[in-house]
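Visitor: To start, I am sharing the structure in question, which I have written as structure tokens.
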């Protein structure tokens, strides 16, 4: 009986530690190492086209002392800003403070912001102001619904896409055929600060949002099996069409995550990795998924915790029932003899 109690104590302690690791996964921006050469902050020094600049911009982008406006609230505008220093960190986390606002009423605004970690920079194109068939990672903050048949999700919608250069972003379907996951979030015309965090560590991509003025992160996307090379560039872009909005970047802060890797991983040439995702199903399965999320993604920390908790409860119930049945049989045998 004591050994069974010890087993329960050990299992409970493991579950508590697991729960803590899940809830404390995103850095608060203080415990990790800020990489200034990859960060964009007020008063935006080092922004421009001169050789010593670490950030360069294109199109309708306007740099002020308070914000970087990728597009004004005007039709048919495109703008972007890019870090000109390639990032060679294996594990990182990007915190983005942004603001999307304008005079358009509900459903009469667009198109949104895209955050990039790609091989090429400053290449204008049709995907939120950047090139299509890119190499790398994109996080889309899409504020306008193009697919009138996709009424199972509300907009704005945040999604992720990893591309090896062979896939086109389908605007008509709001990128659903190539997305890896996403969530609906109210990010437009908020009267308080809005933030998004992108974490890439040990092959796992996590996107969190803090948009409710509660100073806490909420999980939006959590995907395992993601492979991204080093040596790519961070950037942000935005576009407007017939409808418009102000798309502002307030800051982009990159933190290095201190993570141990195996000797094999350390010896790997990370610059030669091809962007990819090891999925159980094709992202195209999202077309039939009413939640808009990828159904074959690995279990998140919360799901693992709940499964372990259910398994523990099942073991306890079986043990109690077995003990009661065994005791009843013993009493019956004693009466028989």
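Using N, Cα and C of the backbone, Cβ positions are placed for all residues, glycine too.
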Visitor: Which of these ranges is annotated transmembrane segment in TrEMBL: 281-303, 304-326?
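Guide: Of 281-303, 304-326, TrEMBL gives transmembrane segment for 304-326.
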Visitor: In this predicted model, what is the average pLDDT of the domain 'L-type lectin-like' (32-257)?
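Guide: Over the domain 'L-type lectin-like' (32-257), the predicted model scores a mean pLDDT of 95.
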